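Presented below is the structure to which this report refers.
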Amino acid sequence: MDKAPQLIQERSAPPATLVIFGASGDLTRRKLIPAVASLARHHRLPREFALVGVARTAMSDEQFADSAINGRGLRDHPQLDGGIRYVSGGYDDPDTYKRLAETLDSLDAERGTAGNRLFYLSTPAEAFEPVINGLAGAGLNHARPGSFARLVIEKPYGRDLATARELDAIVHSSFDEPQVFRIDHYLGKDTVQNVLALRFANSIFQPIWDRSWVDHVQITVAETLGVGTRGGFYESAGAMRDIVQNHVLQVLALALMEPPASFDAEGLRNEKVKLLQAIRLPTDRDIADLAVRGQYTRGGTRDDLMPGYRDEPGVDPLSRTETYAAMRLNVDNWRWAGVPFYVRTGKRLPARVTEVALQFQRPPHLPIPTDQLTELDADALILRIQPDEGISLRFGAKVPGHSFRVRTASMDFSYDKTFREESPEAYERLLLDALLGDPTLFIRTDEVEQCWRIVDPIIEHWAKDHSPIPTYEAASWGPTDADRLIGRSGRKWRNPGGDA
Ligand SMILES: NC(=O)C1=CN([C@@H]2O[C@H](COP(=O)(O)OP(=O)(O)OC[C@H]3O[C@@H](n4cnc5c(N)ncnc54)[C@H](OP(=O)(O)O)[C@@H]3O)[C@@H](O)[C@H]2O)C=CC1
Ligand SMILES: O=C1O[C@H](COP(=O)(O)O)[C@@H](O)[C@H](O)[C@H]1O
């Protein structure tokens, strides 16, 4: 019998050393170390496991272990006890990699990590090239026979199509594509993977999942937080590069692609690429009607007044960076021709919510007087990715009583209430996949290119547009232009949790 694709197996990691570059940073502290901690807690790491942090900040092994691991309650985990090292040095200094290689060899000897290495680039993008070259200079890009050397690269992958291709050339000068794992942590979320389960493990949804039934689709990635301490990074990214190019387009691709023959890495990624290729590019003439940006200004309530983006640390007081982006997309294929897809993301919106909402067409004829239907919305299927994970089906139901009033009702599935199993954190899931060499939930190079192809024209258009950037008050649902974008076709945004 064929082996099941790795995506659908229960697994634990092989002997290996995880090497994190940028080990003194925000992502390492907030996401990667907790992910390692959770893998250890759930017995998914073998005793032959080690962790090495690399960064310029001076720290001893003990200090790194203390700050990184012990603080997470991992002191007593045999998988990590004595297996934590720290290498401090410049990313472009060959000596850093020489010391790293010695550390890795000694861990192989002491802990039996078998020469398996997973290098995680958790630095700002400027450091990717020197780290890749440094690894190759020390021969760390090659594994001994029977072992692996893999590279995980954080997002955003490039700043546009051209720089993504340049980065790929640098990566491929030292690593072969099967060694490369481009991460988008949204793909590690159970609820994002559940888009696949809902669509392809059931037969009832597939017949209505197309232009004959769907009026339009809305994808929202809304955050209540501002840019926090990441103002410096965000200034050069903006919402389009930070969220739309990766998380939003990945979720969209999973929601709209054709059924793959199997959930193996190539089958799944081929279908995503085909879908992304079918997205029509806006022309310079219609871009203004199809894409909207905004930047948050001071807002909130008197008791909870939030600063404007330009007042955040690390942000230019005259910044023109967008903290909100919305687009209308068209997919030129047989299934979706004519159906509009509205996507939006923003910081400092009134609710933290990520969802995919399919709104269905109204019935062709309603045998009920219109005054009985004033509380009836169009039918909708809402895939709630976070934070209230689940699925809602919204449909019309007769209100009890002597009249024939029909009001929208909701049938809800909640992860929390239905399953007792715990969801792994996205980074935990993806770290384990990379340790196992399963690329299914990582981004292939042609996907990256397709995503840049879609957002590049809009980013370039905005860069040339010198009119004042539209604004929205913190804790509101974005600039009024976004309402016009969707309102032009007589539709409106679903604002989960209500309008603010
Ligand atoms: N933080 C987050 O929530 C998310 C981050 N990412 C991506 O993950 C990666 C890491 O993010 P994050 O941890 O926030 O980054 P940080 O800005 O915290 O940087 C990580 C570490 O890299 C080193 N570093 C900082 N600037 C430079 C530089 N210019 N050149 C070389 N090294 C530098 C610093 O360590 P030292 O000075 O000690 O060498 C720093 O501690 C980035 O690519 C980011 O885009 C992706 C999704 C979410
Ligand atoms: O990649 C990023 O994602 C986070 C949002 O992730 P979530 O899992 O909390 O939804 C976002 O805040 C950050 O700006 C971005 O770089």
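Just so you know, glycine gets a Cβ as well, placed from its N, Cα and C.
Secondary structure at His247 (active site, proton acceptor), as computed by DSSP, is helix. The annotation active site, proton acceptor is assigned in TrEMBL to His247.
Less than 8 angstroms from the CB of Arg56 (NADP(+) binding site) sit Ser24, Ser88, Gly89, Gly90, Tyr91, each of them six or more residues away in the same chain. The NADP(+) binding site annotation in TrEMBL covers Gly22, Ala23, Ser24, Gly25, Asp26, Leu27, Thr28, Arg29, Arg56, Lys155.
Look at TrEMBL and you will find His185, Lys189, Glu223, Asp242, Lys347 tagged as substrate binding site. In the three-state DSSP reading, Asp242 (substrate binding site) counts as helix.
Per TrEMBL, domain 'Glucose-6-phosphate dehydrogenase NAD-binding' is recorded for 19-194.
Feature annotation from TrEMBL assigns domain 'Glucose-6-phosphate dehydrogenase C-terminal' to 196-494.
Asp242 are the binding-site residues among Gly22, Asp26, Thr28, Lys189, Asp242 whose C-beta comes within less than 6 Å of an atom of ligand 2, given in sequence order.
The Cα of Thr28 (NADP(+) binding site) lies closest to that of Asp242, out of the binding-site residues Glu223, Asp242, Lys347. Its Cβ placed at the centre, Lys347 (substrate binding site) has 23 other Cβ atoms within 10 Å.
By the rule that a residue counts when its Cβ sits under 6 Å from some atom of ligand 1, the binding-site residues Gly22, Ser24, Asp26, Asp242 yield Gly22, Ser24, Asp26. When the neighbouring Cβ atoms lying within 10 Å are counted for each of the binding-site residues (Asp26, Glu223, Asp242), the highest count belongs to Asp242. Mapped onto three states, the DSSP output places His185 (substrate binding site) in helix. Cα of His185 (substrate binding site) to Cα of His247 (active site, proton acceptor): a span of 8 Å. In the three-state DSSP scheme, Lys347 (substrate binding site) is classed as coil.
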